[in-house]
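Listed in Swiss-Prot:
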type	residues	note
DOMAIN	9-244	domain 'ATP-grasp'
BINDING	Lys46, Gly53, Arg54, Gly55, Gly102, Glu107	ATP binding site
BINDING	Asn199, Asp213	Mg(2+) binding site
BINDING	Asn264, Gly321, Ile322, Val323	substrate binding site
Amino acid sequence: MNFHEYQSKQLLAEYGIPVPAGKVASTPDEAVEVANSLGKGPWMVKAQIHAGGRGKAGGVKFCKTTDDVKAAADKMLGTKMSTYQTAGVELPVNLVLVTTAGEIVKELYLSILVDRGTKTVTYIASSEGGVEIEQVAAETPELIHSLNVDFVEGVQGYHGRDFGFKLGLNAKQAGQFASIMVNLYRLFNDKDLALVEINPLAILDDGNLYALDGKFDSDDNAAFRQKALVAMRDKTQEDETEVTASELDINYVTMDGNIGCMVNGAGLAMATMDVIKLNGGEPANFLDVGGGANKQRVIEAFKLILSSDKVEGIFVNIFGGIVRCDMIAEGIIAAVKEVGVKVPVVVRLEGTNVEEGKQLLRDSGMAIIPADNINDGAKKVVEAVKNAA
């Protein structure tokens, strides 16, 4: 789950990590009220969407007067914004964050994440903040420093001071940096996070460090014990079909192709998409209907797939280990009847009660195309889509 900047800053502040004073507003007049409550300007007005790169998209404005604040908020609120991170998708701007704006002396980068390569929690820091860390890694890798955390020792003050001096900070600032690192580790563990990125972590004109922006990513597998984080979810920033799928407990990800996929098992689902591409097609989605799929879940899965008008064909690829193929067949037949499927449907069944399942499909009288294996199914759905065009 992703978070808005203002939510990230609330969490950072709760754990003693300095952030500029600020508050969200949903109207231009409210933005002015927030600015006045923060005291004398200047201020920053920042559009709240689940994406970085807002500055280049016009979503971050420096304001010297309250008239500037009102104008900036008026221009952002109620609009839709896309950045280089949204892949062309426009996200609604329902809130703006108004904060104090100090003069930036130096921008740093600091993040903490789960490093799958080293199987540890890892800090990454750089003296080059305010830009994409991937760009720094490609152009000046010597400016990036990392620390793999020992789970027994944890993070100590000396780790942070060592990092701080490597980044060119003075003794006072290195001490602040150490405090931020230690507190960030507590936050990371307490909230079951997968990533916290502070970019930039800035030195302002008062000589102190502040987190000017924060990006959080939580571990959805821990959502059951993080009710406060779940309550922060903003579904307006997410793909509508993916939101519906999550409510049905179906693993679904929208993609750009035209061949819908319904598969049981994440590994088989990924393999199915690969084979479709190898046969010249483009998958429209990742959909893992789950090992405990039943007739109703199959119907709901078809509805999810066909909610996209880009879908021109469907490939159902089921290996019946826990799930029974005859039950899947009943679900497919019911879905075709209930949803009114008008695109080619190719079905590959294998496993428990496979012959009964295939017989049900044959007896249905529906134009369902059978497939012998995954490659045969991918070829047939690609050909069927081409022939139907």
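Positions of Cβ are set from backbone N, Cα and C atoms, glycine also.
Looking at Ile322, Val323, the binding-site residues in this record, the fewest other C-beta atoms within 10 angstroms of the C-beta turn up around Ile322. Within 10 Å of the C-beta of Asn264 (substrate binding site) we count 26 further C-beta atoms, all protein chains included.
Each residue contributes its Cα atom, and for Asn199 (Mg(2+) binding site) and Gly53 (ATP binding site) those atoms are 11 Å apart. Cα separation, Asn264 (substrate binding site) to Gly55 (ATP binding site), rounded: 41 Å. If you measure from the Cα atom of Gly102 (ATP binding site) to that of Asp213 (Mg(2+) binding site), you get 14 Å. A separation of roughly 45 Å, to the nearest angstrom, links the Cα atoms of Ile322 (substrate binding site) and Gly53 (ATP binding site). Here the Cβ of Glu107 (ATP binding site) has 17 other Cβ atoms within 10 Å, regardless of which shown protein chain they belong to.
Taking only the Cα positions, the spacing between Asp213 (Mg(2+) binding site) and Val323 (substrate binding site) is 46 angstrom.
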